[in-house]
Amino acid sequence: MNGVAKPIIIFLFACCTLVTFLLCNLNLFPDYYSYLNWYELSASTNMNNDWVFFKDPGFYLLSVISNNFGFGVIGVIFSLFIISLSSKIFFCIKLLNRETLFWVLLLYLSRLFIVHDLVQYRAGASIGLSALFLYFYLEKKKFKSFFFLCLALSIHLSSLLIVSIIPIVWYLNRNIGNNIFNQIIIIISLLLSVILLFDPYINLLRLVAEFPMMHERIAPYLDGSYAVNNAPMFNSFVVIKIISYVIFFIWIYKNKKVGLTIENYLIYLCFFLSIVGLFLFWCFRSNDSLSIRFSDFFAIYDIIFFALLLNVFDVLGKFIYRYYLLVVMIVFFISSLKLIN
């Protein structure tokens, strides 16, 4: 792996994803006709129709451009596909070394590629653009970060979730050089208390519904128009996350004297983003659709966190952990296939 350059890894990943996309019969996937209907509505209206334009302006503009060039809904889907993958690749190239990048891309193929890039195209693109917001925010390039946040929101409003990184980054920056093991335990205990003692689902929905742009989307969940199911608190993905947290805690505990540093900053950041995803999954467990959607928004940071854990092991530990990641990939791939059936 050390002899394989990043460009080769990216080239192989790009070829694999592009060939898969071109060979797929997209109209067999569950969300295709929803996108087709929204595309036809966008292409047949104009910007004077406030509801159509302001619901998802990015998707609307892509639809109009694709329609004008005669590419149809496939042009929109392919554009979202390219936005999703290129933005995530950029994010990973900038922050990860070769082996970590290699494992992240493999885990991505098994866990997120099918769901985000072959089914939920808008979500995939908005998550990628949100990752660019995160990258430029870390680089303290405020204009670029705000620009990519606006782009992400124009495609999918769920991108607003990424602003959770603002307090996380503030907290981490204040604690560089410190050991925050005890603080992490306290934070997790408080979050678990909220989840176990309360059911924040309805209260959170009512809060979100106060925003005019969100009310129309949230109302069906509040008035019972949408039939919803409870999501189990534990599934294969949650179990894998918890295993990774245990490994992380053991590593922090054994390295109390090191604490949070610039060198290990990214693994702490991805850990907290992963915790946010798990917290939202459990908060919205009364609605399986929303809980999975919110959890999947942060899933890219989950798999980066899993791969970064390679760096906490010695030589033998890394050897064993690589085989563990292979097992995780198989579990992810099977779970992804179930989601699209």
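Count begins at 1; order follows the chain as displayed.
Every residue gets a Cβ built from N, Cα and C, even glycine.
Unlike curated records, TrEMBL annotations are generated automatically.
Per TrEMBL, the features are:
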type: TRANSMEM; residues: 7-29; note: transmembrane segment
type: TRANSMEM; residues: 59-83; note: transmembrane segment
type: TRANSMEM; residues: 95-114; note: transmembrane segment
type: TRANSMEM; residues: 120-138; note: transmembrane segment
type: TRANSMEM; residues: 145-172; note: transmembrane segment
type: TRANSMEM; residues: 184-209; note: transmembrane segment
type: TRANSMEM; residues: 230-253; note: transmembrane segment
type: TRANSMEM; residues: 265-284; note: transmembrane segment
type: TRANSMEM; residues: 296-313; note: transmembrane segment
type: TRANSMEM; residues: 319-340; note: transmembrane segment
*May I ask you to check whether the transmembrane segment (296-313) and the transmembrane segment (7-29) make contact, with contact taken as at least three Cβ pairs under 8 Å and only pairs 6 or more apart in sequence counted?*
no
*Other than its close neighbours in sequence, what residues sit by the transmembrane segment (145-172), given a CB gap under 8 Å and a spacing of at least six beyond its ends?*
56-59, 61, 80, 83, 122-123, 125-127, 129-130, 132-139, 213-214, 217, 260, 265, 268-269, 272-273, 276, 280, 293-294, 297-298
*Taking the transmembrane segment (230-253) as the first stretch and the transmembrane segment (59-83) as the second, find out whether 3 or more Cβ pairs fall under 8 Å, excluding pairs closer than 6 in sequence.*
no
*Are there residues at least 6 beyond the ends of the transmembrane segment (319-340) whose Cβ is under 8 Å from a Cβ of it, and what are they?*
29-30, 103, 106-107, 110-115, 118-119, 235-237, 240, 306-307, 309-310, 313
*List, by number or range, the same-chain residues at least 6 past the transmembrane segment (7-29) whose CB is under 8 A from its CB atoms?*
74, 77-78, 81, 85, 89, 93, 98, 101-102, 105, 109, 113, 117-119, 340
